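Listed in Swiss-Prot for this protein:
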BINDING   77-90, 290-302  NAD(+) binding site
BINDING   Arg97, Arg107, Arg135, Asp226  substrate binding site
BINDING   Asp226, Asp250, Asp254  Mg(2+) binding site
SITE      Tyr142  site 'Important for catalysis'
SITE      Lys193  site 'Important for catalysis'
Amino acid sequence: MTVRSLFLLPGDGIGPEAMTEVRKLIEYMNSAHNAGFTVSEGLVGGSAYDAHGVAISDADMEKALAADAILFGAVGGPKWDGVPYEHRPEAGLLRLRKDLELFANLRPAICYPALAAASSLKPELVEGLDILIVRELTGGVYFGEPKQIIDLGNGQKRGIDTQIYDTFEIERIASVAFELARSRDNRVCSMEKRNVMKSGVLWNQVVTETHAAKYKDVQLEHMLADAGGMQLVRKPKQFDVIVTDNLFGDMLSDVAAMLTGSLGMLPSASLGAPDAKTGKRKAMYEPVHGSAPDIAGKSIANPIAMIASFAMCLRYSFNMVDEATKLEAAIANVLDKGIRTADIMADGCRQVGTSDMGDAVLAEFKALSA
C-alpha cells in the first residue's frame with residue numbers, strides 16, 4: 001500500500017474548524033478506499049506563539065519538511081497584534097514558504113454555476129469560469145535588495161524596493177505553467193510590463209524561449225499586466241492559465257478571485273521544485289480566506305475553501321486525479337442543492353453550519369465514489 005504523509009497546520013481563527021471537515025474526508029478515504037494517508041498535526045501562527053513563543057517551532061518545521069504535503073488553515077487575529085514583528089503569526093507562513101522553497105503559487109478562480117449570480121460581473125460572463133493563475137512566489141520586488149527607506153537630509157525621504165528576476169526563476173515558473181496547461185485547455189498567457197520594466201523584458205524573453213524549447217504544443221500568448229487586469233473583468237473566460245511575477249500575480253489573482261462571487265471559497269497551492277531523486281515536489285495547500293477571528297468558534301465558517309485545497313492536494317501531490325475531480329464535483333453538487341453557509345446564503349437556500357456543510361460534501365463524495 002502506498003503511504004501518503006500529510007502534515008496538518010490548522011492555525012488560528014476558523015482554521016481548526018475548517019480542518020476538522022478535511023479530517024472527515026481523510027478518515028473516509030483511508031477506511032473505505034485504503035488511501036494510505038498518515039496524518040500528523042502541528043501548531044502555526046498565534047497558536048504556536050502561545051505555546052512556543054515563535055510562529056512555528058523548529059520541531060514542526062522538521063515535520064513539514066518531511067511530509068509529502070502540508071495542509072494549512074489560517075493564521076492571525078487581534079490577540080497577537082502586539083507580539084514582536086519577527087514572531088507575528090504570519091511569520092510562520094513565510095518561514096514555511098521560504099524553508100520549503102515554494103516558488104509556484106497556484107490560485108484557481110472557479111465560478112460554481114450555483115453562485116454565478118453572486119459575481120460582480122454579469123452571470124453569463126462568469127458562469128463556468130475556470131482560470132488558474134500561476135504566480136512566482138519567492139522572487140521579484142517583495143524580496144529584491146536593496147529594500148529600504150533613506151533619509152535624504154533635506155526633509156525628504158526615499159523609499160526603495162528592487163525588482164529582480166534571474167533566468168532560472170522565470171524558466172521554472174514558466175515550466176510549471178506550461179505543464180499545468182497540458183492537463184487543462186492547453187493555453188498559457190504570460191503577463192508582465194515589458195514596455196516599462198527591464199525585468200519584464202527578460203521575463204518575456206525567457207518565457208518565449210522556454211516555450212520554444214519544450215512546450216511548442218501549448219498555445220502561448222503574451223499580454224501586458226495592466227491590459228490583463230482589464231481583460232479579466234471584460235472577458236474572463238478567454239483565459240486558461242495565466243503565469244506572472246510575484247507583484248502582478250498578487251494583484252491579478254485577487255481580481256480573478258472576486259469574479260467568482262465567492263472569495264472565501266477559493267483554494268490555493270504553493271509548490272516547490274521536483275526532488276532530483278524522487279521527482280516529488282514539496283507542497284502546501286491553503287484556503288485563500290483569512291482566519292476570520294470574528295466568527296471563530298461559532299460553527300458558522302465555510303469549510304469549502306479548505307476542502308477544495310485538499311482536492312488540489314489530491315491532484316498535485318498524490319496524482320489522485322479521479323478522487324480530486326469527484327471531490328470538486330461533490331462541492332458543486334452541494335451548492336446546486338441550495339445548501340449554504342451564512343457567507344454565501346441566498347434566497348431559497350438552506351443555511352447550515354460548518355460541520356453540516358462538511359458532512360454534506362462528504363455525503364456527496366461518498367455517493368460519487370461508490
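One-based numbering along the chain as shown.
Note that Cβ sites are derived from N, Cα and C of the backbone, with glycine treated the same way.
Overlay of Swiss-Prot feature records on the structure.
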residue: Gly77; record: NAD(+) binding site; DSSP class: coil
residue: Arg97; record: substrate binding site; DSSP class: helix
residue: Arg135; record: substrate binding site; DSSP class: strand
residue: Lys193; record: site 'Important for catalysis'; DSSP class: coil
residue: Asp226; record: substrate binding site; DSSP class: helix
residue: Asp250; record: Mg(2+) binding site; DSSP class: helix
residue: Ala292; record: NAD(+) binding site; DSSP class: coil
residue: Ile300; record: NAD(+) binding site; DSSP class: coil
**OP:** Measuring C-alpha to C-alpha, could you say which of the binding-site residues Gly77, Pro89, Arg97, Asp226, Ala296 are within 10 Å of Asp250 (Mg(2+) binding site)?
**Re:** none
Original post:
For Mg(2+), what surrounds Asp226, Asp250, Asp254 with a Cβ no more than 8 Å from their Cβ centroid?
Top reply: Ala225, Gly229, Leu247, Phe248, Gly249, Met251, Leu252, Ser253, Val255
Original post:
Does DSSP put Pro89 (NAD(+) binding site) in a helix, in a strand, or in coil?
Top reply: helix
Subject >> Candidates Asp81, Tyr142, Asp254, Ile300 (recorded positions) - the one closest to Arg107 (substrate binding site) by CA >> reply: Asp254
**OP:** Drop a 10 Å sphere on every Cβ of the binding-site residues Gly77, Pro89 and tell me which sphere holds the fewest other Cβ atoms.
**Re:** Gly77
Original post:
How many other Cβ atoms sit within 10 Å of the Cβ of Ala292 (NAD(+) binding site)?
Top reply: 22
Original post:
Tell me, by DSSP, whether Tyr142 (site 'Important for catalysis') is helix, strand or coil?
Top reply: helix
Original post:
Sequence gap of 6 or more, C-beta under 8 Å: which same-chain residues meet both conditions with respect to Asp226 (substrate binding site)?
Top reply: Lys193
Original post:
Which of the recorded positions Arg97, Arg135, Tyr142 has its Cα closest in space to the Cα of Gly77 (NAD(+) binding site)?
Top reply: Arg97
Subject >> Asp254 (Mg(2+) binding site) versus Ala292 (NAD(+) binding site) - Cα distance in angstrom >> reply: 18
